[in-house]
Amino acid sequence: MGAPLAVALGALHYLALFLQLGGATRPAGHAPWDNHVSGHALFTETPHDMTARTGEDVEMACSFRGSGSPSYSLEIQWWYVRSHRDWTDKQAWASNQLKASQQEDAGKEATKISVVKVVGSNISHKLRLSRVKPTDEGTYECRVIDFSDGKARHHKVKAYLRVQPGENSVLHLPEAPPAAPAPPPPKPGKELRKRSVDQEACSL
């Protein structure tokens, strides 16, 4: 009985020594296991497809949260792509979907509307369109450039604005062609001469 007890005590001694060495090598103030996972960059507010009437004011919101906690450079841009509607058939462009790319799509008729730059980890910018017109219809893109890891990363979301005629819009109909001019009335001289001839014939 003494030998097995001695072996068990020896095993417990080595186990205690191992645990003490493990605790000594761990930095003070840290938990035994660090399960922290850094957050991913994402849009916290995205624009949505909408329909407006001519003359109404339209507002689109876009907010972005970066992937790092320390401050870094963020840039948000609003772009207008004229009548670019083929993206609506792509599921990758869901309203809350995030797309990261190193290069922007080329070959599209796009116009930059506004730019806002901040130093931080969050950025937001609202696009306001006053008294929209049918020519304002099209795709609006919110693009964010994220410099959190030292290089530019591009993220963007899109929404389509449809503009319908307003309630007070005047319907312009095609003009009717001008009527043909009426024939001129007969001259008085001819009528008098005809009457005088008739009177002479009666007298004969």
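Along the chain as shown, the residues are counted starting at 1.
Quick reminder: no glycine exception, Cβ is built from N, Cα and C everywhere.
Per Swiss-Prot, compositional bias 'Pro residues' is recorded for 175-187.
Swiss-Prot lists 188-198 with the feature compositional bias 'Basic and acidic residues'.
Taken from Swiss-Prot, the feature disulfide bond covers Cys62-Cys142. A strand conformation is recorded for Cys62 (disulfide bond) in the three-state DSSP classification. The Cβ of Cys62 (disulfide bond) has Phe43, Glu45, Thr46, Pro47, Ile76, Trp78, Ser124, His125, Lys126, Leu127, Cys142, Val144, Val157 as same-chain neighbours under 8 Å, each 6 or more residues away in sequence.
Sequence annotations record features per position, and here Swiss-Prot assigns domain 'Ig-like' to 41-158.
The region 'Disordered' annotation in Swiss-Prot covers 168-204.
Per Swiss-Prot, the feature signal peptide maps to 1-24; the stated evidence is sequence analysis.
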Check your understanding: Does DSSP give Cys142 (disulfide bond) helix, strand or coil?
Key -> strand
Review point. Given the model, what does the mean pLDDT over the domain 'Ig-like' (41-158) come out as?
Key: 80
Practice item. Run through the Cβ atoms and count how many others sit within 10 Å of the one on Cys142 (disulfide bond). Key: 25
